[in-house]
């Protein structure tokens, strides 16, 4: 009986159509169970595997981790701004600024305000980031040198900067004939008015050339044979022309009416230099005396200055009218006050360093106490003086006779005219006195220089009987328009009356 029971059990085991008790669960059952419920204990699975004598389905002692899935709800952003570095005040200012009307400040004022804000805040408010994702970099240690230091300059550098040097034409813009001009170093034969009219003395006549229209007019001609014109000078307003003659006369002409207003005779020798200071006309003669004429009154001769022993060939009032500079054939430069002192008319300064006749005298237009003088053939020097202290600021050997000096009102430069051997015009940089350019073309010595009212053109009269116009101080068009708008017309004091 027991044999039949054993066979029945063996047959049921070999059929394999029933689940095996205590056997490991199938893989598909395990996967389904893991998806719906907690995973089975690792120890229990390991025990079942070893009890059955089969290879385990997973590493013993290692838990079966759950598969990572994308969360259904969004989490926080990793890019969180730092509250300490956030420009919350700037954000509030910019939001409130949108509702405010724009002020009518000038572009220059806005640029200054922008530069101040950049220096104070360390950044541009208009372009500042409100939220910062990281802190500012640390400053460089003290004394650290960086080759790119220019990138961290306090001052904003423009994207494009204009070249420091400018173009100076080496050829004259125009050449005019000046026949019978007297080849005399001591005379002053050309002057340019504020009305853009050039006066030229040719022997015994005075001609006027209108630079705007090109018209030429003969203003006067001496009546006596042998007499000639020795000097010309326009009043500042440009309506009246003073003419010095070889017969010791000073004539005053109304150019618009082409009429001589008066003839002033107080000198004893030819009048070789003239200079205006409002209604006071100063004249220097071969006798060495300087006379002041008040053209408003009948008794015009109001003062006599005696500071030279030979001919006064250079005479120029300062732009502010406080000082008068005179240069003579006695190699002396005197600086006179505008009025007499306690001891009368005495020079404030007397300079004796020149070794030749001093015809070239010119005042600096932007610094009223600076005077430039040039000596003749025996001296060949240009000297810069401080008339307040009496000090010679600089002296340059130009290796030729100096006939005239002019300052440029647009550039910190001056131009000088020279004689033998090259008869050239030289532009100098102030205060270094470095040579900027040389303008050549005259075949004989330069006698006189004068400047156009806009300060862009220099006219040079030379012994080769030519008058050359050099556009050596041409102004930038944008800057010229600004200065033209800022300039104001002044009424002439001469209209108070000329008798």
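Heads up, the Cβ atoms here are built off N, Cα and C, so glycines get one too.
Swiss-Prot lists 27-80 with the feature region 'Disordered'. The compositional bias 'Polar residues' annotation in Swiss-Prot covers 61-72. For 70, 106, 157, the entry in Swiss-Prot reads phosphothreonine, with the evidence type similarity to another entry. According to Swiss-Prot, the repeat 'WD 1' annotation covers 182-221. The repeat 'WD 3' annotation in Swiss-Prot covers 266-303. Residues or ranges marked as repeat 'WD 6' in Swiss-Prot: 397-438. Residues annotated as repeat 'WD 7' in Swiss-Prot: 441-480. Annotation comment: Swiss-Prot describes 485, 490 as ubiquitin cross-link.
Residues 186-188, 230-236, 242, 244-250, 252, 309-317, 321, 324, 326, 328, 330, 336, 338, 340, 345, 493-494, 496-499 of the same chain sit 6 or more residues outside the repeat 'WD 3' (266-303) yet have a Cβ under 8 Å from a Cβ within it.
The secondary structure of residue 485 (ubiquitin cross-link), as reduced to three states from DSSP, is helical. For residue 485 (ubiquitin cross-link), the number of other Cβ atoms no farther than 10 Å from its own Cβ, over all displayed protein chains, is 8.
With a threshold of 8 Å between CB atoms, the same-chain residues lying at least 6 positions outside the repeat 'WD 7' (441-480) that come near it are 166, 168-169, 171-181, 183-185, 187-196, 198, 200, 211, 238, 401, 403-406, 408-411, 413, 415-420, 423-425, 427. Summed and averaged per residue, pLDDT over the repeat 'WD 1' (182-221) gives 97. DSSP assignment over the repeat 'WD 6' (397-438) gives 0 helix, 23 strand, 19 coil.
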